[in-house]
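Peer 1: Got a structure for you, questions after.
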Amino acid sequence: MARGLDLAPLLLLLLAMATRFCTAQSNCTCPTNKMTVCDTNGPGGVCQCRAMGSQVLVDCSTLTSKCLLLKARMSARKSGRSLVMPSEHAILDNDGLYDPECDDKGRFKARQCNQTSVCWCVNSVGVRRTDKGDQSLRCDEVVRTHHILIELRHRPTDRAFNHSDLDSELRRLFQERYKLHPSFLSAVHYEEPTIQIELRQNASQKGLRDVDIADAAYYFERDIKGESLFMGRRGLDVQVRGEPLHVERTLIYYLDEKPPQFSMKRLTAGVIAVIAVVSVAVVAGVVVLVVTKRRKSGKYKKVELKELGEMRSEPSL
């Protein structure tokens with residue numbers, strides 16, 4: 001009996017350790033990025049999380065870089081895991097989703113090939129800024145995107161939002177949810193139903209711990225589309241003076257520190273179609289004008305000949 005009492009403290013200690021271990025395991029998640037695999041294998045049992053697809057250790061106290069997030073999304077598609085599976089229309093730009101190459105800091109490399117023989121150069125946001133070429137294409141640097149314009153169109157409301165209230169709410173959102181320094185949100189414009197949010201950040205302005213405007217814009221875009229990257233959150237719930245802000249369309253424009261290098265091949269099918277329609281219309285107009293003039297000229301000649309014939313047939317006095 002005494003021996004059983006001696007073992008009781010040891011059993012309680014083992015039970016406490018097991019409970020602590022299970023609790024640590026259950027709390028080992030990344031609140032700012034659910035596309036991670038977390039464990040307590042860090043030094044001293046510390047929770048550490050690695051991005052899916054790249055296995056890069058991420059800092060869960062801030063936003064994960066856009067390059068690592070795109071890498072994780074492509075990994076989720078390939079593995080069939082239903083984490084953040086966007087619709088086929090939920091693309092970042094006209095080129096759609098691709099499997100990016102990231103450097104050791106999680107930033108986009110200057111040249112991207114999507115694991116194919118076709119390559120192109122991208123900016124710091126990962127958006128193509130040159131024509132596509134082969135693997136001999138050289139991209140000397142990653143040109144920084146210093147200005148991002150987010151354009152939103154909200155659903156019809158009983159009355160327009162107050163501009164000042166809307167401005168304050170969006171600034172609070174970017175500061176509290178995306179940890180973006182207030183100085184990097186330069187302006188909020190509003191003309192019902194269009195809202196424009198301007199983010200500006202030069203390389204010299206960004207500190208070591210500052211969130212990049214590219215990452216903040218990407219997290220915001222996923223939130224707006226109901227595909228939140230935050231752990232345990234379902235989309236975005238923004239209210240202005242108690243009135244919910246429901247967004248039905250999002251467009252994001254990127255301005256780089258250097259102009260893009262596109263050739264005339266960059267013309268889209270839509271632009272080419274417009275040019276073709278205008279050209280056909282001009283040619284048709286010219287043809288109609290020429291035919292009309294010829295018809296009028298022919299009538300005049302017939303009248304002149306008829307009058308001349310009548311004059312000849314009249315008897316002389």
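Glycine residues also receive a Cβ, built from the backbone N, Cα and C atoms like all the rest.
So Swiss-Prot lists the following for this protein:
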- 64-139: domain 'Thyroglobulin type-1' (DOMAIN)
- N27: N-linked glycosylation site (CARBOHYD)
- N114: N-linked glycosylation site (CARBOHYD)
- N162: N-linked glycosylation site (CARBOHYD)
- N202: N-linked glycosylation site (CARBOHYD)
- 1-24: signal peptide (SIGNAL)
- 25-270: topological domain 'Extracellular' (TOPO_DOM)
- 292-317: topological domain 'Cytoplasmic' (TOPO_DOM)
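Give me the local environment of each listed feature.
Peer 2: Taken residue by residue with DSSP, N27 (N-linked glycosylation site) is part of a helix. Residue density at N27 (N-linked glycosylation site): 10 other Cβ atoms are found within 10 A of its Cβ, drawing on all protein chains shown.
In this structure, N114 (N-linked glycosylation site) belongs to neither helix nor strand by DSSP; it is coil. Residue density at N114 (N-linked glycosylation site): 16 other Cβ atoms are found within 10 A of its Cβ, drawing on all protein chains shown.
The Cβ of N162 (N-linked glycosylation site) lies under 8 Å from the Cβ of V240, R241, each of these being in the same chain and 6 or more residues away along the sequence.
Secondary structure at N202 (N-linked glycosylation site), as computed by DSSP, is coil.
As a whole-number mean, the pLDDT of the topological domain 'Extracellular' (25-270) in this prediction is 86.
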Peer 1: Can you count the other CB atoms that lie within 10 A of the CB of N202 (N-linked glycosylation site)?
Peer 2: 11
Peer 1: Can you grab the distance from N114 (N-linked glycosylation site) over to N27 (N-linked glycosylation site)? Cα atoms, rounded to a whole Å.
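Peer 2: Rounded to a whole number, the Cα-Cα distance is 35 Å.
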